[in-house]
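Database features, via TrEMBL:
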| type | residues | note |
| --- | --- | --- |
| REGION | 1-23 | region 'Disordered' |
| DOMAIN | 128-341 | domain 'Peptidase S8/S53' |
| ACT_SITE | 137 | active site, charge relay system |
| ACT_SITE | 170 | active site, charge relay system |
| ACT_SITE | 322 | active site, charge relay system |
């Protein structure tokens, strides 16, 4: 349908890794994530969790639970004990994850990536109408002229409220790369200009999210019929919780697209069929030298100097697998709009 490919060559000098380069990743305090085995009665689940000082909260209609722990509990210790308990498929800490952003690169000043992937030809068949793309990120600037008409209501899982305004800037860039309004004599063009955007805020003002917020966001979107979700964060395939949430969406006919990472070296993240992990290419169809690679990568897409929307109604070029990921999400939206029966 469009020119996305598993590109493994190398080019384009690295420019950094984003906000997490000097910050060690931590985990959320006072909670862990678990999935009980099928058929475990609720009373038995509550009893087991209570023995460890925990209380479970089911996420949507899925089988995944957030377990709240008392202040004196060790999240790692409780997760380790429950992971070895026969009643559970898995238990894990609520790991922090960083966005896959590289600082703005002014070298590319136009939407070079759209003709590169054959988007103009694809637009003859589909512009993404009828498809919603959930953007799990730092929120979206709802006042941006290229985004305001594209938004549908979402949710803020970082603060548990309906305020999905962008608090960091990353989400507005990601949303624009996927589905900024097109053919409106404004700003930039995107891959899926007629698709709608569901902003789901999963991160704080530092850009960092947690596995639990992302898992909740995916399940929330899936329960509302969303068929495409983008989460531009690193290492999501390593989480049993996010894999389970992505599989939940896949079982409902959706697809989750995630960033491959910006380390520039081989990574051994978990391989999964529940998500599509995307590496980044440059204008010559080479793997950008800062783009991670490995067996977990499903495909590669343009991610260097992607012209997109920015907070405050502006526009700019941005680089990273944070942007090859929503470019891919936009392609998936075009495909699903053109053929709604796609599994």
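From the backbone N, Cα and C atoms, a Cβ is placed for every residue, glycine too.
Not measured: the values here are computed from a predicted model.
Across the fold, the C-alpha of residue 137 (active site, charge relay system) and the C-alpha of residue 170 (active site, charge relay system) stand 7 Å from each other. DSSP assigns residue 170 (active site, charge relay system) to a helical segment in the three-state reduction. Here the domain 'Peptidase S8/S53' (128-341) returns a mean pLDDT of 96 for the predicted model. Cα to Cα, residue 322 (active site, charge relay system) and residue 170 (active site, charge relay system) are separated by 9 Å. Every protein chain shown contributes to the tally, and the Cβ of residue 170 (active site, charge relay system) ends up with 27 other Cβ atoms within 10 Å. Reduced to three states, the DSSP call for residue 137 (active site, charge relay system) is strand. DSSP classifies residue 322 (active site, charge relay system) as helix under the three-state reduction.
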